[in-house]
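> Okay, handing you the structure first.
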Amino acid sequence: MCGIEIKYRDKQVLSIKGDKQDPFSKGHMCPKALALQDFYEDKDRIKTPLKRTEKGWKEISWQSAFDEIATKFKTIQHAYGKNAVGVYLGNPNAHNLGNALFLKPFMKALGSLNRFSSASTDQMPHHVASNYMFGNGMLIPIPDIDRTDFMLIIGGNPVVSNGSMMTAPGVVHRIKAIQKRGGKVVVVDPRRTKTAKIANQHLFIRPEKDALLLMAMIHCIFEQNAVNLRHLVNVVDNITQLETLVKEYSPEAVTAHVGIPASDIRQLAADMSNAQSAVCYSRMGASTQSFGGLCQWLTNVLNIITGNFDREGGAMFPLPAFNLLRGNTKGHPTNFGKYTSRVNQLPFFNGEFPVATLADEIQTPGEGQIKAMITIAGNPVLSTPAGHQLADAFDQLEFMVSVDIYLNETTKHADIILPATSGLENSHYDIFFNSFSVRNTAKYSTALFEPEQNQKADWQIINELAARLTDTPVSKYTPEMVLDMELKSGPYGEQGMSLKMLMDNPHGLDLGPLKTNLINRLLTPNGEINLIPDLYVNDLPRLKASLELAPKSSQFPFELIGRRLAKSHNTWTQNSQRLVKGKNPCTLEIHPEDAASIGIINGQKVTVSSEVGEVTLDAIITDDVLQGVVSMPQGWGHNQADTKMAVAATQPGVSINDLTLANRVDALTGNAALNGTPVAIYAA
Ligand SMILES: Nc1nc2c(c(=O)[nH]1)N[C@H]1C(S)=C(S)[C@@H](COP(=O)(O)OP(=O)(O)OC[C@H]3O[C@@H](n4cnc5c(=O)[nH]c(N)nc54)[C@H](O)[C@@H]3O)O[C@H]1N2
Ligand SMILES: Nc1nc2c(c(=O)[nH]1)N[C@H]1C(S)=C(S)[C@@H](COP(=O)(O)OP(=O)(O)OC[C@H]3O[C@@H](n4cnc5c(=O)[nH]c(N)nc54)[C@H](O)[C@@H]3O)O[C@H]1N2
Ligand SMILES: [Mo]
C-alpha cells in the first residue's frame with residue numbers, strides 16, 4: 001500500500017525510495033520495501049516447476065506438471081470424494097491482485113470443503129464479529145486514526161506492523177499527530193512494545209485476559225451513565241440486555257485476573273467516553289488467543305456504546321474503489337458453523353475450517369480424510385500451531401502440491417512445486433488492504449519487469465489448474481479486466497473511476513477521509529445491529545469460568561507470546577540479505593525476576609519447552625515483558641534440512657510454532673490461540 005519509487009536500468013534495480021507524491025503513504029515505506037530488490041534478484045527463488053524424485057528435485061515442464069497434478073487430484077477425488085484434496089492459502093494471497101480475484105473460481109473447480117488459510121491464525125474473530133453484528137464478515141470497522149482524540153490499542157504493535165485491519169503507512173507520524181492535537185494513545189499489552197514506548201500510557205495485561213478487561217470497561221460505561229449511541233440510536237438493539245450481561249464484571253471482579261488496578265480500568269473507560277472522539281482498536285494479541293471471538297465482539301460493543309462508531313475519529317467503514325461488498329444484499333443467512341470439521345467439530349466460516357485442525361484432518365483415518373493437499377503462498381509448517389506436527393502429516397499424504405517462490409519448510413514436503421512470479425514482476429491494486437484502510441485511496445502499479453520466459457504468475461497457474469480440474473477452457477479474463485470492471489461498477493464509477501484513470505495517476509488517487517455510512521450499508525436481515533448475538537452470549541459461561549483462577553501449571557509455568565520484527569514479514573522474507581544482516585533477533589525476552597528465579601543471565605542459551613516441543617535460543621533479560629510472560633518472534637526456524645534459502649540459513653532462528661499447541665483454539669471461532677502458550681524454561 002505504500003507508494004514506492006524504483007529507479008532501474010534494464011533489469012537492474014538502482015534504488016528504491018518512498019514515493020513522496022503518493023497521497024496516502026506520502027514518502028513513507030518500511031524496510032521490507034527495500035528488500036524487493038533482494039527478492040527479485042534472489043538466486044534461490046524457484047523459476048521452473050520441480051518434481052520430487054528418488055534422486056532429488058527434478059526440473060519439469062509446466063505441461064507435465066499440470067498434467068500430473070490434474071490427474072492425481074482427479075484420481076484421489078474420484079477414489080475418496082471431493083473433500084480428500086485439502087487447500088491451504090497463506091497470507092501473501094491477500095497481497096496479490098491475481099490471487100485475490102481468481103482463487104474463488106479455483107476453489108470452486110476443486111470442489112472441496114477442506115479449505116484452510118492463515119486467517120484462522122490471525123483475524124478470523126474480526127470476520128465473525130462483523131458477520132453477526134453488521135451482516136457480513138467483510139464489513140470491518142477501522143480506526144479513524146487521523147482524526148481520533150483517544151486511541152486505545154489492545155494487542156497490536158502498529159509501529160512495527162504498520163497496522164493490521166488498519167492500513168496506515170507511517171503509523172508513528174499518525175500517532176504523534178494524535179498527541180500533537182492534544183489527544184492520547186493508550187496501549188494494553190503484556191509487553192512494552194515500540195508502540196507502547198511512544199504512547200501516553202502503557203498498561204501491562206496478563207495474556208488472554210482482554211475480554212475481561214473489555215467487559216469491565218463496558219460495565220463502567222453503564223456505571224458512569226455514559227452510554228451514547230448518537231446517530232445509531234434507532235438501529236442498535238438490546239442495550240438494556242447488554243447492561244445485565246456486564247453487571248457482574250466490575251473492575252474489582254476482574255482486576256486480579258487482568259493485572260490492571262480497578263481504578264485504572266475505571267479511568268480508561270472514563271477517558272474513552274470523555275474524549276471528543278475515541279476508538280478502541282484490538283488486534284493480533286486480542287484475536288489469536290482463547291477468547292479472540294469475545295474480544296472482537298466486545299471491541300465493537302465498546303466503540304458503539306461510547307458513541308464512537310461510524311463517526312469521525314471512531315471506528316469507521318472504508319469505501320474502497322473496488323468494493324468487495326458490491327452486490328451483497330441484506331439478510332443473507334449466516335454461514336457460520338454451517339459445517340463443522342470432521343475430527344474436532346470446529347466451525348466452518350467464510351469458506352474455510354480453522355487451520356489448527358488441519359493435521360488432524362490429514363492424520364485421522366475415516367471417510368472425509370484429507371489425502372492430498374495444495375498450499376498456495378503459505379508456509380504453515382512455520383506459521384501454524386504445532387507446525388512440526390503438520391510437517392509429519394504432510395509426509396503421510398498421497399500427493400502434495402505447493403505454489404510458491406521458495407523451496408522452504410513447507411514446500412519441501414510437496415511432490416510438485418509450481419514457481420510463481422514475485423513482487424516486481426506482478427502488477428498490483430490492493431483489493432483487501434484498501435478495504436481496511438484509514439483513508440479511501442486508490443492506486444494501481446504495472447509490473448516493473450517482464451518475468452523470465454518460463455515463469456507464470458500465480459493467477460495464471462491457478463486458472464490453468466482450475467481449467468484442467470473441470471475440463472473447461474482457461475478463463476479468458478486477466479486481473480486487469482476484472483479490476484477495470486469492478487472499478488467502473490464501484491462507488492466511484494460514476495465519477496469516472498477506471499483502470500485507465502488509475503494508470504493516468506500512477507502516484508495514486510486520494511478519495512478522501514472515511515465517511516459516516518453504516519446505516520445504509522448494514523447487511524443484517526433487519527438492518528439493525530444486535531449488541532448481543534446469541535453466539536457470544538452462549539460463550540460467556542466460558543469467560544466466567546476463567547474467573548475461577550486456574551492454578552498455574554507447575555510443569556509449564558510461563559506464558560509464551562509472539563512478537564513481530566520491523567525487518568521481517570512472517571516466515572518468508574529472511575532470504576533477503578538486507579533484512580537479516582545484523583544481530584540475531586530471534587531471542588527469548590524474559591523478565592529479570594523470572595531470569596533470577598531460574599538462574600539464567602543475559603545472553604545465555606535457554607531451552608523453552610511446551611507440551612509438544614522444545615527450542616533453544618538466547619535469552620534477553622528485560623523488564624519490557626511482564627513477569628511470568630516470555631516473548632519470542634514469529635516466523636523463524638529456517639534451520640531445516642532440504643530447503644533452499646541460503647541467506648535465511650545463515651540466521652535460522654527457531655520456530656515459535658514448534659511450541660504452540662494445535663488444541664489451543666478460541667472455542668468460539670476456532671481461531672488458533674497462539675498467545676499464552678504454557679511453557680517451561682531452563683538453562684540449555
Ligand atoms: N506463533 C505465531 N504464529 C503466527 C503468527 C504469530 O503472530 N505468532 N502470525 C500469524 C499470522 S498473522 C499470519 S498472517 C500467518 C502467516 O502464515 P503463512 O501465510 O502460512 O506464512 P507466510 O510466511 O506469510 O507464507 C508465505 C509463503 O508464501 C510464499 N510467497 C511469498 N510471496 C509469494 C507470491 O507472490 N506467490 C506465491 N505463490 N508465494 C509467495 C513464501 O515463500 C512463503 O512460503 O502466520 C501466523 N502464525
Ligand atoms: N514488520 C512486519 N510487519 C507486519 C508483519 C510482520 O511479520 N512484520 N506481519 C503482518 C501481519 S500478517 C499481521 S496479521 C500484522 C499484525 O499486526 P499487529 O497485530 O500489530 O501485530 P503484532 O506485532 O503481532 O502485535 C500483537 C501484540 O499483541 C501482544 N499480545 C500477545 N498476547 C496478548 C494478549 O493476550 N493480550 C494483549 N492485549 N496483547 C497481547 C504482543 O505482545 C504484541 O505486541 O502485522 C503485519 N505487518
Ligand atoms: Mo497476519
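Easy rule for this one: first residue shown is 1, then count along the chain.
Cβ atoms are placed via backbone N, Cα and C, with glycine included.
Feature table excerpt (TrEMBL):
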- 2-38: domain '4Fe-4S Mo/W bis-MGD-type' (DOMAIN)
- 45-467: domain 'Molybdopterin oxidoreductase' (DOMAIN)
- 559-677: domain 'Molybdopterin dinucleotide-binding' (DOMAIN)
> Considering every residue in the domain 'Molybdopterin oxidoreductase' (45-467), what is the mean pLDDT value?
97
> Summarise the domain '4Fe-4S Mo/W bis-MGD-type' (2-38) by DSSP state, stating how many residues are helix, strand and coil.
7 helix, 13 strand, 17 coil
> DSSP on the domain 'Molybdopterin dinucleotide-binding' (559-677): how many residues come out helix, how many strand, how many coil?
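Secondary-structure composition of the domain 'Molybdopterin dinucleotide-binding' (559-677): 22 helix, 31 strand, 66 coil.
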